[in-house]
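Visitor: Reproduced below are the annotations present in TrEMBL:
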DOMAIN    136-298  domain 'Myotubularin phosphatase'
BINDING   Asn285, Ile286  substrate binding site
Amino acid sequence: FEHFLQSKSCFFKMKLLLVENVRLLDGMSSKRAALGTLYLTATHVIFVENESDARKETWILHSQISSVEKQATTATGCPLLIRCKNFQNIQFIMPQERDCHDVYISLIRLKAPVKYEELYCFSFNPKLNKEEREKGWNLTNLKEEYNRMGVPNNYWQISDVNRDYRVCNSYPTEVYVPKSATAHIIVGSSKFRSRRRFPALSYYYKQNNASICRSSQPLSGFSARCLEDEQMLQLIRKANPGSDFIYVVDTRPKLNAMANRAAGKGYENEDNYSNIKFQFIGIENIHVMRNSLQKMLEGKTFPVQKARANLQHLSFIFVFQGGSEGFQKYQSQAAYASGFQQEIT
C-alpha cells in the first residue's frame, strides 16, 4: 500500500499517519482481537496485523464509512468504533487517547469531503495506459447484452423512438419494445406515465419467451385512462406467447398507491386493462426503508416487534437484489439479526 501512503491527494493536513500497537475487533467475526498498526491515508483506513507469517490487511475506504464514534477510555485503551455502509462494524482500540482523538477528527473530515474533487475517484491513479483507460467507457454495451438474451426476435424489436432522449430523459436512447409497438403507441403511453417512463423490456428469457418490463406509475388518478397505454400492455402480453395474462407488479404498499391517486397518479385500473393480474409487494417508502437500514447499522435497541418490522423491510432489499439467492441470504442475515436483537433488548 506504499502508493496510498505516499498519496498527495489529501486536501487538508492530517495530524496522524500511523498508530502502532492497535487492537482490532470485528463485529462480524468471532476471532480474538488482532494486534497491529493502523495507517491513515488520504483514501483508506488500513490495518496491518503484526503476525509475521500472515500480515493480514484490513482496508476501509473512507466513502464506505457511515459513522465514527469515539468511545469512553477504558483500562485497555481508547476505543474507536467505525460503522460501515456495508453493515460491517469495526472497533479499533488504541493505547493513547490523544492518538484516538486525532484519528477520530481526521476520519470525520475524510469520510465526508466538502469538495467533489476530494472524492477517491479523482485521486485514484491506476497503472494503465491511455488505451486501457478508454476501454473502461465501453465495458457495458446495451446491444450486446440484449443480443445475449436473444433480442431482437419475432416478439421484440429495438426502437430509436427515444433518440436524443426526446421521449424519456431517464431511458437509454435505444429501447426494446414489442414487435408491433409503433412510435405513436410508445409516445402515447409515455405521456400517461410518470416522468414519461413507458413500459420497456428489461429482461428476456429465451427458453420460454418470458419477459420482464419496467415502467413508472400511470397518471390514472381516479378515472383517467389512455388507449395507447392499454394497447402497449396488450402488446407486451402478446409478446409472451406462453401466458394468457401478465402480472403487473407494484412494489409499493397498496395503500400508498391508492393515496397517489389523489395526486393524479396511482396504478392501472383492471377494468381498462384486460388479462392482467395485479400484485402489490408492499415495500414502504424511502424514508421508512432508510430508517430501517440506519437502525441496523447503528445496532440500536428497540422492541422485538419493531425489530421484526425492520427485518421485514430489509428482506425486500435482499430478495430484490438477488432473487432466490437473495432470499436465502436474507434468511441467514435475519436469523443472525434476530439473535442479535434478542441479546440487546
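Keep in mind that glycine also has a Cβ here, set from the backbone N, Cα and C atoms.
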Visitor: In this predicted model, what is the average pLDDT of the domain 'Myotubularin phosphatase' (136-298)?
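Guide: Computed over the domain 'Myotubularin phosphatase' (136-298), the mean pLDDT is 94 on the 0 to 100 scale.
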Visitor: Let me know how many other Cβ atoms fall within 10 Å of the Cβ of Asn285 (substrate binding site).
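Guide: So the Cβ neighbour count for Asn285 (substrate binding site) comes to 10.
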Visitor: Using all protein chains in view, find how many other C-beta atoms are within 10 Å of the C-beta of Ile286 (substrate binding site).
Guide: 8
